[in-house]
Amino acid sequence: MASTVTCSAAELLPHLGSSANATAAAEFICGRFSAVSEYLTHTTYAVDTTYLLFSAYLVFAMQLGFAMLCAGSVRAKNTMNIMLTNVLDAAAGGLSYYLFGFAFAFGAPSNGFIGKHFFGLKEFPSQAFDYSYFLYQWAFAIAAAGITSGSIAERTQFVAYLIYSSFLTGFVYPIVSHWFWSGDGWASASKTDGNLLFGSGVIDFAGSGVVHMVGGIAGLWGAFIEGPRIGRFDRSGRSVALRGHSASLVVLGTFLLWFGWYGFNPGSFLTILKSYDHTTRATYYGQWSAIGRTAVTTTLAGCTAALTTLFGKRLLVGHWNVVDVCNGLLGGFAAITSGCAVVEPWAAIVCGFVAAWVLIGFNALAAKLKYDDPLEAAQLHGGCGSWGIIFTGFFAKKEYVNEVYPGFPNRPYGLFMGGGGKLLGAQIIQVVVIIGWVSVTMGPLFYLLHKFKLLRISRDDETAGMDLTRHGGFAYIYHDEDEGSSMPGFKMTRVEPTNTPTPDHHNRSVNVVV
């Protein structure tokens, strides 16, 4: 918020002389100053709200990216199903976050564990929160649910999506965001009472843990309890690739997610019109500069992870795979999300490089353990998100930490930057408690759904594909290469005219085989 312009007629009067109209002139001038000050205050609110709303729109656009990525990563016979679940995540998450989620996350004043105000946005807006803030946080909540849906794709009942999505966005995720983002949270770096965990609190600026680990660990339990898809591993236990049907959709979804990440990370500043201490910085440097730096670190981490995955997989498997590169790129983004605002651009390159190998390593481990995740969501968001939290404990820079989290000049910062190990200790605790919390909440939920036969579809439905058996038809006409499926489809072949010296392109015939 910009500084308020103040004016006092008594202070101004000596400068206007002793004329009869001096008092009236002083009051008039101060009245104009007050009007200007009020106008600047309103303008600041408007600019900051517009910035936050635009960031919320970008984060919400990531749902389209998730939808395209998921659709391209599954077999054609399940396209309609996975697209519907992405719509469901947003719709069911919207209601549950409105009724309960936002209150549990940010309902201050409260205790360190859970919020207790603003249910159904009652007594809203307040001095602390406006509607734009709710919209932004809702977009984050449904992103976590979207991550989980990828892990359990191609074999999960529709009712299970409804139940888990509402529970995750309405309770599990909000509790975690309260712990680490609310001013009352027990491990928050922005805790208002100053009683910070290890003197630093947890720095998870945009949610490597709060969003990505929560979604990834929830997906891990769902996929583990359901078991692998039919045909994912042969009788001898060897991994069999069940390739997605469209690399084009995967690439489209990746670019949409990349675009949305500029609302996810830079947007987490929440405001843009904020100046910093100009005793050490020039007047042109402010929060707007930190926002730009955050966009740069985000970009560099993703780009480095993509290139590392490209060459790493080339060395390991002998070919260039665009889907692997897309997942590597997203792994870099998930990792840098925690420390994007408090690290130097060169450190983001380190983050992305390691994130790529974390993803490659977890994928190898998943295959060895016969764990099946069609989107690699648990490995990508859970594994790379965990690395990103630890990375912040190593590389957070003192100057940037004090800018983003002001008020505590002696706050610990990154171990490798000379700040000691306290911040790293807080980051490790975040990893542990998120794994524990999501495991004791989402694990039993998926297990109960499994026991009541509400989780996995039947073998026949899975073989035929859920588009046909559960959703009334296919997303589009296709011929599926999956030999385990026996759906009716159309295969079109073109027959060129014969015995003609010059082809007549206006009279080609088409044979249609049903």
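Cβ atoms here come from the backbone N, Cα and C positions, even for glycine.
The annotation transmembrane segment is assigned in TrEMBL to 49-74 (among others).
What TrEMBL lists as domain 'Ammonium transporter AmtB-like' is 51-476. If you average pLDDT over the domain 'Ammonium transporter AmtB-like' (51-476) in this model, you get 95.
Long-range Cβ contacts of the transmembrane segment (95-114) within its own chain (Cβ-Cβ under 8 Å, at least 6 residues beyond either end) map to 120-121, 128-129, 133-134, 137-138, 141-142, 165-167, 169-171, 173-175, 177-179, 181-186. Annotation comment: TrEMBL describes 95-114 (among others) as transmembrane segment.
Feature annotation from TrEMBL assigns transmembrane segment to 134-152 (among others).
According to TrEMBL, the transmembrane segment annotation covers 159-181 (among others). Within its own chain, the transmembrane segment (159-181) has Cβ neighbours under 8 Å at 85, 88-89, 92-93, 95-97, 99-106, 110, 112-115, 137, 140-142, 144-145, 148-149, 152, 187-190, 202, 204, 209-211, 214-215, 218, 222, 430, 433-434, 437-438, 441-442, 445-446, 449, 454-455, counting only residues six or more beyond its boundaries.
The annotation transmembrane segment is assigned in TrEMBL to 201-225 (among others).
What TrEMBL lists as transmembrane segment is 246-264 (among others).
Within the same chain, residues 296-298, 300-306, 308-309, 312-313, 316, 327-328, 331-332, 334-336, 339-340, 372-373, 376, 378-380, 383-384, 387-388, 391, 395 sit at least 6 positions outside the transmembrane segment (346-366) and bring their C-beta atoms closer than 8 Å to a C-beta of that stretch. According to TrEMBL, the transmembrane segment annotation covers 346-366 (among others).
Taken from TrEMBL, the feature transmembrane segment applies to 378-396 (among others). Counting residues 6+ beyond its ends, the transmembrane segment (378-396) has Cβ neighbours under 8 Å at 147, 151, 202-205, 208-209, 211-213, 215-217, 219-220, 223, 327, 330-332, 334-339, 342-344, 347, 350-351, 354-355, 358-359, 361-363, 366, 371, 413-417, 419, 421, 423-428, 430-431 in the same chain.
If you look up TrEMBL, you'll see 428-449 (among others) marked as transmembrane segment.
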